[in-house]
């Protein structure tokens with residue numbers, strides 16, 4: 001662990017006040033302190049693209065009544081969860097870059113980890129509902145508008161989205177009951193449950209088993225159901241008469257499939273590294289965690305802006321209006 005980093009006097013003083021509210025120390029990017037001002041540039045750009053891109057999609061869907069359909073309500077759910085995921089890591093990550101502030105109160109750490117994991121579970125749930133939506137659109141196109149209505153999508157979305165945060169409450173609350181001893185140093189620029197739990201100097205078997213069960217019955221179950229949905233989609237597409245029809249049908253899934261891959265591949269990799277990678281270099285842990293939390297919120301608005309015809313049309317109209325406006329002023 002990065003014990004060689006100097007801890008601030010505030011950290012050393014406040015971390016010993018009580019075992020129920022210790023101070024934690026975020027290292028951020030161990031061994032790269034000298035080039036943090038260069039690392040800041042890609043992180044700033046990722047935040048800029050993620051926050052502005054997802055806000056842009058939410059505004060487009062909100063202001064264009066033609067987009068008030070089930071598919072775009074689901075896309076707005078996805079943009080909201082991506083926005084929440086970006087904002088959850090923003091305070092501590094930018095605090096390290098801008099103010100060299102690495103100390104964090106345990107309660108603040110709990111709130112941050114709850115937000116990070118909650119929005120991760122929400123995104124998994126949204127991707128699952130979107131896979132069901134695509135499955136019904138391709139396999140039962142004539143019944144799609146009857147089965148998938150806006151009200152049903154919103155109700156199902158809210159119900160499934162909140163299952164993760166509700167399941168997370170005991171997991172996060174129990175952390176405050178554990179005693180913490182030794183160096184309270186975290187290797188990331190944000191708080192993750194699987195890292196904080198390792199700082200406890202007591203038996204944490206219940207938290208470990210409960211956390212594993214929550215992940216298994218939410219994100220892993222979602223991934224299995226998404227895979228089954230695409231199995232049904234592939235079987236239906238294979239039965240279509242012409243290759244052109246097959247390509248056209250499958251193209252409606254490409255945006256969602258990209259979103260699934262860029263979210264679940266890093267998530268599975270991060271889980272495997274934390275569970276079984278005790279001897280894996282710290283740089284691998286940092287890379288997997290940062291890719292998992294920063295890349296999907298940045299890429300999703302780009303993918304859906306490029307691949308979705310209606311959003312492309314709105315963007316081209318906005319650009320056209322700006323061009324006309326500029327010409328009129330010229």
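Backbone N, Cα and C atoms are what each Cβ position is placed from, and that goes for glycine too.
Unlike curated records, TrEMBL annotations are generated automatically.
Positions annotated as transmembrane segment by TrEMBL: 38-61 (among others).
According to TrEMBL, the domain 'G-protein coupled receptors family 1 profile' annotation covers 53-304.
Remote same-chain partners of the transmembrane segment (73-99), defined as residues 6 or more beyond its termini with a Cβ less than 8 Å from a stretch Cβ, comprise 26, 28-29, 36-37, 39-40, 43-44, 47, 50-51, 54-55, 57-58, 61-62, 112, 115-116, 118-120, 122-123, 126-127, 129-130, 133, 150, 153-154, 157, 161, 189-191, 259, 293-294, 296-297, 300-301, 304, 308. The transmembrane segment annotation in TrEMBL covers 73-99 (among others).
The transmembrane segment annotation in TrEMBL covers 111-132 (among others).
Taken from TrEMBL, the feature transmembrane segment applies to 153-175 (among others).
Within the chain, the transmembrane segment (209-233) has long-range Cβ neighbours (under 8 A, six or more residues past its boundaries) at 120-121, 124-125, 127-128, 131-132, 134-135, 138-139, 163-164, 167-168, 170-171, 193-194, 197, 250, 253, 257, 260, 264, 267-268, 271. Taken from TrEMBL, the feature transmembrane segment applies to 209-233 (among others).
According to TrEMBL, the feature transmembrane segment maps to 254-276 (among others). Outside the transmembrane segment (254-276) by six or more residues, the chain places 78, 120, 123-124, 127, 130-131, 134, 194-195, 215, 219, 223, 226, 230, 284-285, 288-289, 291-292, 295-296, 299-300, 303-304, 307-308 with a CB less than 8 A from a CB of the stretch.
Residues or ranges marked as transmembrane segment in TrEMBL: 282-303 (among others).
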Outside the transmembrane segment (153-175), six or more residues from its ends: residues with CB under 8 Å to it: 70, 73-74, 77, 81, 106, 110, 113-114, 117-118, 120-122, 124-126, 128-129, 133, 193, 196-197, 200, 206-207, 210-211, 214, 217-218
Within-chain partners of the transmembrane segment (38-61) [C-beta distance under 8 Å, separation at least 6 from its ends]: 29, 32, 67-68, 72-73, 75-76, 79-80, 82-83, 86-87, 90, 93-94, 97, 294-295, 297-298, 300-302, 304-305, 311, 314-315
